[in-house]
Ligand SMILES: NC(=O)C1=CN([C@@H]2O[C@H](COP(=O)(O)OP(=O)(O)OC[C@H]3O[C@@H](n4cnc5c(N)ncnc54)[C@H](O)[C@@H]3O)[C@@H](O)[C@H]2O)[C@@H](O)CC1
Ligand SMILES: Nc1ncnc2c1ncn2[C@@H]1O[C@H](COP(=O)(O)OP(=O)(O)O)[C@@H](O)[C@H]1O
Ligand SMILES: [K+]
């Protein structure tokens, strides 16, 4: 199985263009479909353990893949039945249909089977499924022991990952040739179940990738606390949040972490200082983090204005993002990099609901501000002003608890202070945060997450 980390992610149009390139280079749609159908059959055969299979075929090339897969599955002796929602509408799908020698029943007449393969619609879905067809799909999926979607669950939109109607939750989705946004972005991603990537021999490239394990420098004989990265955190009214960020920054590998204007507490290694110009005018500061626990009163706004006026590399989170709404113009005038880490509410308050997918929205926000934007959630997207974007691949829904965002802000600050370029710092931070959550498994609190970063950082 191809690991998900680092893989390119293509929109429907990009995938079509990649397929066209393969065709122009001497291939054919039929050859691609033959390969795709064979790979689907291999995957289904492994998942089916010889149980009966029902393949649902739609009118397009997704349906074509279904007919080819059915032929291969029957060829290895599986009990395979095929049902179609409409006649094949493309030349390649017609050829694939002709290659299937068994009967084809209307989907409405199909009897359930232990293994359901959905090859109704893939990247060509244009509108919600006809209600009767959607109903059949749901019923047959409900009666199957295992449900497998070819390329995408029928009913999800490829690029902006919406669900058109009541789409079943599949056990496995077999992504053909490349991951698409719907495999990673919510809500579509949860309908995919476990997504597996099948190689169909198409060369794919994108400036959008799944986040991969970063490579970080190990301390050596020349290392000291300042060149390992100095993180300064501006504290405020809610001390717990800034302490979580501080502990996370330390455990993610920062050499020196100072909290300005906090109220004490935290690990002994944390340096407490008062919030004043001397503390901010320190050239050794590698990253200045403001937002976790800052508060939103006039005092908080003054601290933010001071932080924005420095020449330090900045990470803005939580309350700083709330206060930033009236100060967006400042971002354009800053020479040093800025990383913004909004959750969905903060993002909408700053940038509006916007158009397109979460990836489009994150990219537009990065372009507009010139900042790196970490658009958080179960499907965190990191975007740079130049259009590069990354999506988290390994998530843990137990992260949905207060304080885990403060931990993320601390980790990203440590990466930035350690000398990584801001886009790489943000993606490395998101990876470490997700890795610590994966190690913890279930039912943890933000303090546990911060503590677990020691193991995650040591693993790199
Ligand atoms: N283009 C290629 O070279 C290859 C494509 N492949 C497969 O082809 C798929 C894309 O094929 P297509 O572009 O034909 O698209 P689909 O097979 O997803 O469906 C397109 C067809 O369904 C119709 N349609 C869309 N939404 C509908 C709805 N709600 N109700 C009824 N009809 C609807 C469209 O008018 C069109 O006729 C991929 O997901 C993949 O599975 C693979 O075979 C690999 C090669
Ligand atoms: N369902 C989920 N699955 C995976 N990660 C999640 C989920 N919900 C939230 N997260 C992650 O948890 C963190 C929450 O951050 P945030 O909303 O800022 O909370 P807080 O400010 O309380 O720390 C973010 O990193 C976000 O990506
Ligand atoms: K499908």
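Glycine residues also receive a Cβ, built from the backbone N, Cα and C atoms like all the rest.
According to TrEMBL, the feature domain 'YjeF N-terminal' maps to 15-208.
Residues or ranges marked as (6S)-NADPHX binding site in TrEMBL: 61-65, 122-128, 151, 241, 293, 343, 406. The Cβ of residue 123 ((6S)-NADPHX binding site) lies under 8 Å from the Cβ of 12, 15, 16, 62, 151, 152, 158, 180, each of these being in the same chain and 6 or more residues away along the sequence.
Sequence-distant contacts of residue 154 (K(+) binding site), defined by Cβ-Cβ distance under 8 angstroms and a gap of at least six in the same chain, are 56, 58, 62, 118, 120, 121, 122, 125, 129, 137, 167. Residues or ranges marked as K(+) binding site by TrEMBL: 62, 118, 154.
Mean predicted confidence for the domain 'YjeF C-terminal' (208-460): the pLDDT average there is 96. Taken from TrEMBL, the feature domain 'YjeF C-terminal' applies to 208-460.
Annotation for residue 376 (AMP binding site): same-chain Cβ neighbours under 8 Å, separated by at least 6 residues, are 341, 342, 343, 344, 405, 408. Residues or ranges marked as AMP binding site by TrEMBL: 376, 377, 378, 379, 380, 405.
It is 61 that, of the binding-site residues 61, 377, has its Cβ surrounded by the most other Cβ atoms within 10 Å. Checking the binding-site residues 61, 62, 123, 126, 151, 379 against ligand 1, the ones whose Cβ sits under 6 Å from it are 61, 62, 123, 126, 151. Here the candidates are the binding-site residues 377, 378, 379, 380. The one whose C-alpha lies nearest to that of residue 61 ((6S)-NADPHX binding site) is 379.
Cβ environment of residue 380 (AMP binding site): 374, 391, 392, 395, 430 lie under 8 Å away, each six or more residues apart in the same chain. Taken residue by residue with DSSP, residue 378 (AMP binding site) is part of neither helix nor strand, so it is coil. Excluding 62, 118, 154 themselves, the residues of that chain whose CB lies within 8 A of the CB mean position for the K(+) site are, in sequence, 56, 58, 63, 66, 119, 120, 121, 122, 149, 150, 151, 152, 153. Every protein chain shown contributes to the tally, and the Cβ of residue 126 ((6S)-NADPHX binding site) ends up with 8 other Cβ atoms within 10 Å. The two recorded residues, residue 379 (AMP binding site) and residue 126 ((6S)-NADPHX binding site), show a Cα separation of 24 Å.
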